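Features of the protein shown, as given by Swiss-Prot:
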type	residues	note
BINDING	Arg22, Glu79, Lys118, Lys440	(6S)-5-formyl-5,6,7,8-tetrahydrofolate binding site
BINDING	224-229, 243-249, 268-271	GTP binding site
BINDING	Ser228, Thr249	Mg(2+) binding site
DOMAIN	214-366	domain 'TrmE-type G'
Amino acid sequence: MSQETIFALASGAGRAAIAVIRISGPATRNTVTHLCGTLPPQRKSSLRRLRNRSGEILDQGIILWFAGPGSFTGEDCAELHLHGGNAVIEGMADALVDLGLRPAEAGEFTRRAFLNGKLDLTEAEAVADLIDAETSAQRRQALQQLDGGLSRQLETWTATLTRVLAWQETLIDFPDEDLPAEVDAALRTDLLLLRQEMAQALNEGAKAEKLREGLIFTILGKPNAGKSSLLNSLASRDAAIVSSQPGTTRDTIEVRLVLAGVPVTLIDTAGLRDSADSIEAEGVRRALARAESADLVLRTVDISTATEADFSAEQWPGSSEARSLMIGTKSDLPYTPPSSPDIVLVSTLTGDGMERLKTMLEAEARALTSHATGAPLTRARHRAALQDAIQHLEDAESARLEELRAEEIRLARQAVGRVTGQIGVEQILDHVFSSFCIGK
């Protein structure tokens with residue numbers, strides 16, 4: 001355990017009705033005694049006058065303290081529930097520093113919980129995800145991980161690898177023993193099934209990460225194709241300037257939406273055309289770049305002036321394999337009906353077709369983020385470790401020597417252990433916990 005005692009404002013910054021200051025470390029008990037005059041009963045809320053070292057009353061608030069290891073961090077902890085004025089908060093912070101405490105760094109409380117075995121690394125990350133959750137779907141995913149769902153899956157894989165490795169070591173240590181002939185075949189089958197299960201989890205993990213980070217939908221099309229009007233209609237506000245003059249949009253414009261419980265960044269882009277104007281040309285370049293990295297491209301065409309060629313995927317820049325929706329705008333004007341039934345016809349002026357488009361966008365959001373029941377891998381580092389484990393299992397299956405196979409199985413087990421923080425993670429701890437807010 002750390003010898004330093006830390007504190008931080010755990011509630012939101014700024015003027016509020018209530019402010020919560022969290023304390024953790026070996027000096028917590030003495031600190032609470034100094035502030036209150038006597039030590040309140042643990043795990044019970046107590047209304048006390050709080051004084052600094054000079055005896056000046058700083059506030060009257062509710063005190064909670066928890067003796068370690070039965071606390072969030074595994075250390076002695078306390079919470080001070082104070083009035084939320086800045087003068088009260090600053091006065092209490094000064095008093096705590098005067099008592100020898102120091103302000104906590106970002107994520108330091110959760111880091112101590114991890115180091116003291118109260119959370120594994122995936123559960124610690126879930127705390128950050130829960131704080132950052134914008135939608136109910138993100139909240140459910142974070143709670144599932146915080147509840148240990150991913151940890152239990154990883155423990156199951158680790159147990160399988162440990163069992164297989166034990167049999168493999170037996171084959172090496174006792175080559176002359178009359179072991180059942182089926183043992184080697186059974187080990188190979190176990191490794192194959194485990195690798196397939198991990199590969200499926202890897203695929204679902206990409207979708208879970210998209211849910212955690214949010215999707216990007218990019219609107220693409222020629223000048224005056226109705227892109228900005230479409231953005232404004234979907235956003236239900238005037239986020240982009242709409243004009244009959246071509247080239248009005250020079251840079252990307254982003255709005256944040258929630259579709260089917262999934263956060264989506266909708267991006268309006270410059271109209272696609274060759275231009276001698278360097279600023280407009282840069283806007284076109286950025287439009288193509290955002291479309292290239294998008295999860296879904298909304299290809300917009302002015303239906304009132306369109307030809308069949310305008311709806312051909314080959315006529316659009318970028319990969320023809322990109323996930324996209326073809327949208328015919330300005331359907332309130334006279335037009336020739338397109339031959340493809342997959343083209344969504346809309347009018348942002350009358351609203352015709354907009355509900356159908358929103359329904360289709362929600363379906364796309366669900367398809368891009370839905371995964372099977374279970375605990376998915378939600379971060380790039382999770383998937384990188386699992387990719388390493390899968391590679392080691394593939395190498396184990398093709399190894400000609402029993403010793404090499406055992407080593408690859410051992411390395412696969414270590415890769416799985418990196419996800420929960422059991423093995424070789426010192427170099428990533430700072431990165432993980434630096435993303436937390438102060439007081440968490």
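Cβ from N, Cα, C; glycine included.
Here the binding-site residues are Arg22, Lys118, Lys227, and the one whose Cβ sees the fewest other Cβ atoms within 10 Å is Lys118. Under the DSSP three-state reduction, Asn224 (GTP binding site) is assigned to coil, being neither helix nor strand. Cα distances from Ala270 (GTP binding site) to the binding-site residues Arg22, Lys118, Ser228 are smallest for Ser228. A coil conformation is recorded for Lys118 ((6S)-5-formyl-5,6,7,8-tetrahydrofolate binding site) in the three-state DSSP classification, outside any helix or strand. The secondary structure of Ala270 (GTP binding site), as reduced to three states from DSSP, is coil rather than helix or strand. Here the candidates are the binding-site residues Arg22, Glu79, Lys118. The one whose C-alpha lies nearest to that of Asn224 (GTP binding site) is Arg22. Here the C-alpha separation of Ser228 (Mg(2+) binding site) and Arg22 ((6S)-5-formyl-5,6,7,8-tetrahydrofolate binding site) works out to 47 Å. It is 50 Å from the Cα atom of Lys118 ((6S)-5-formyl-5,6,7,8-tetrahydrofolate binding site) to that of Lys227 (GTP binding site).
Asn224 (GTP binding site) has a Cβ environment of 20 other Cβ atoms inside 10 Å.
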